[in-house]
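Copying in the features that TrEMBL gives for the protein in this structure:
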TRANSMEM  46-65  transmembrane segment
TRANSMEM  93-118  transmembrane segment
TRANSMEM  138-156  transmembrane segment
TRANSMEM  163-184  transmembrane segment
TRANSMEM  204-228  transmembrane segment
TRANSMEM  240-259  transmembrane segment
TRANSMEM  308-325  transmembrane segment
TRANSMEM  415-435  transmembrane segment
TRANSMEM  470-488  transmembrane segment
DOMAIN    650-837  domain 'SGNH hydrolase-type esterase'
Amino acid sequence: MGLLLSLPLAGGLTSVATSCFAGLAFFCTSTAASMFFKSCNCNSSIATRVGFAIIFMLNSILAWIMKTDLAIKLIEKWSFDYIKMECAGEKCYGVLAVHRICFALALFHFVLSSLLIGVKDTKDKRAAIQNGWWGPKVLLWFILVGLSFVIPNGFFMFWGNYVCLIGASIFILLGLVLLVDFAHSWSETCLENWENSSSNFWQWVLIGSTAIMYAFTITLTGLLYGFFAGSGCSLNQFFISFNLALCLVITLTSIHPAIQERNPRSGLAQSSMVAAYCTYLVVSALSNHVHETKQCNPLRDGKKTQKAVLVLGGIFTFLAIAYSTTRAATQSRALVGKGNKKGRIQLADDEGNHHSELGYVSTQPGRTESPRYQALLAAVEAGAIPASALDEEEDEDEDEVVGEMRDDERTGTRYNYSWFHIIFAIAAMYVAMLLTDWNVVSKQPITGSADPNYDVYIGRSEVAMWTRVVSGWVCIVLYMWSLLAPVLMPDRMLAQLKTLFLVAVTATLTVASPPSTPPTVEIRNNDPLIYFHGRWDSSPGTWWTGSGLKINVDNLKSLAVNLGPLTTSPFAAVGVSIGDSPFFTINATAGVNNIPLNATFLSHKPNVPTLVRINVEGSSNNRINLKSITLNAGAKLRPYKSSKLVFQIIGDSFSSGYLLPMGVDQAWPFILGERYGAEHRINAQPGAALADIPSYGNARGVSFQYFRTEDTGFYYTTDHNYTTPWNFARDQPPPTHIIIHIGANDNAQNVTADQFVQVYSDFLDRLRVLYPRQPVFVMTPWGWPYSPDGGVAYYYQGQYQAIVNARVAKGDKNISIIDATGWITWDDVFPDSLHPTGPAQFKIADNVQAALQSWGLPPPPK
């Protein structure tokens, strides 16, 4: 729109006006409007917003035309001196005509806003006023434009000087809030795309946009000092210097360690955007400020300057309107739910994103899920109708209020209709001030002495300048609050604070219907109060069985785990424990996973949090990618105090819970750790050999992969090459006891005894670099029970003891052998795989516990 406003009047005003009103005439018929919106193949909510945006653009063009000499003469002629005034250059006609046109549009939207209060979905008959009736609406707009020219001048002097100024200031405030919100959203979007992509494109987009914004800020500040801060321009100097100081403050604050700790995604990208916009506001204020000399404002009479401000202001207006109406819809649903429909079962969406069956459907089903489509499908399968019938559009006998357009708001409006029109109304006021260059019309001279030949005077007031300057300061305050709030109020995450502040300040994000669910607390995946155990990559995600997280939650009443797109499809097996409850399994998918809570296991004592534990259970192709955790309103995270006892288990399928219904959560390492109340880190992968060789789907061996972030499964994904070194400093607290049980797959892959001893010895050497004093326990095989008669096959007999003896001979006094010979019989294994059954896992845990107690570890607490 800003570019349109800057176009010259090529070919004469008559042709422009004719084109504009010809376009309007097209929209005057409801049939033509419906044809247009259907041809755009968009949903009802989108088409409606496009329609109102077109009306807004045409109204702005018409208001701009009112400033031209030809339009001024026509107004004077057609008004028959009813609104005649004498002023310098007859500019008062154009200024007041702009206000008349924009007043008509503002009144148009105020009327619609009042008519649409309380509309919750398109089943309400009044929804047709919003999404249909384009002919009557355009006709109403025409009538209001005509009527505005029979209202006396005095009304528009008051309207333009006071009401319009206030409305424009509110719109600027709205824009400032949205700017801060957009700055955070832009940075987070770039970071998420960068982390989830193997390309560095988004990295350079983020760095490039930040550099451009700071270069823009520095350049504008230099120009301001060079042209607007001369001798005697003390007020200008103050504005420029104070803005520069504020920009430096927000820049340094955004990268302060305390801010980064609470929100690592905050940084220079957001502060650069805020600094650039606030500096632009100072330029706008000073270039339009009236000074007695050109020394403090060399552009005060520049037409090109006015046109540049007009273009930038127009662009800002349309971007703010588009973003505010869209953001209003999304933020409202994030805050208070998407509708008020209860008791529905959860279905997949059109894109195949499956959500937990424990949640609710909050949007209408896709077309393929509708009863009509299912009936047609059944008829096609029975041969009653041709398959082409499935491609036909649904007919209109479903009480639709939007005619032929696709109605995406039958179960709830996408945005608040009433506030939508209020945004447009104050935007019309802002456009009026923009087109009139923030001039005021007064019966008293703005500056200088009175002229008896003039009825009114046109000029700029100090209020307009101060509005822009103070707006920049408010913008910086808003941004500073978004940075400091998570530090000052650690119980709320940054995204929530931004959302709640948007609601409180603009009131445009109010939902149209009552909330179906209470507001929630969103815990981001980088929250320092989440205790991660095991191997997690930067996404953050993990492949390793047994890896997981723990959180302590006060006042826990509801829990949802939100997983990212890198989560294994169709699902990943995840174990969950709430309070003192045993672990249970959920099939987690990318998206929202609602966790059922048993009130029996929740803490009901004041200041006693409920412990939530989440583990990866599956050991093969079972990856989760954590995005966030959603808790009920009033829930609060407490620090998790880890156990001082930490078991590190290194092994293969014998230690990973292979073939057990709950995977690692039923395996002997897990059972042992639970008995002692210890932290347990399990690095075990079915089919993996200790030697660095391919083995049963594992491209690398444990002797290599143990020192890497990813597991030995080596399942290919675009975001990993599976060679990321693991930072062992992240294992906090470090392991206190290390147990190794491995070798079956080395034997199966024909690794010789000498080779195995060498690989094992080298592996222990590397472990000792990491853990020089921790006790290491080398478990011998319990063998392969191969027949009901008691036959057991063993491998590398005597070699494990030889490995330990060699370490002891080197002076390693903290290494021991655990002899597992005879622990497992035919009755303890699955006949098809010879792996230990569930009861056998407890038997193994009993024996390992006995061995540890013989070594000197006290028995577990009762």
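Backbone N, Cα and C atoms are what each Cβ position is placed from, and that goes for glycine too.
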Is it the case that the transmembrane segment (46-65) and the transmembrane segment (415-435) have 3 or more CB pairs under 8 Å, with pairs at least 6 apart in sequence?
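Result for the transmembrane segment (46-65) with the transmembrane segment (415-435) is yes.
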Out of 93-118, 138-156, 163-184, 240-259, 470-488, what stretch is closest in contact terms to the transmembrane segment (415-435), meaning most Cβ pairs under 8 angstroms?
93-118
Give residue numbers and ranges for long-range contacts of the transmembrane segment (93-118): same chain, 6 or more residues beyond its ends, CB-CB under 8 A.
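For the transmembrane segment (93-118), the sequence-distant neighbours (Cβ-Cβ under 8 Å, at least 6 residues beyond its ends) are 55-56, 59, 62-64, 66-68, 71-72, 75-76, 83, 85, 124, 126-127, 129-130, 137, 140-141, 144-145, 147-149, 151, 153, 156-157, 159-160, 164, 167, 417-422, 424-426, 428-429, 431-432, 435-436, 439, 441, 458, 512.
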What mean pLDDT does the predicted model reach across the domain 'SGNH hydrolase-type esterase' (650-837)?
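Residues in the domain 'SGNH hydrolase-type esterase' (650-837) carry a mean pLDDT of 90 in this prediction.
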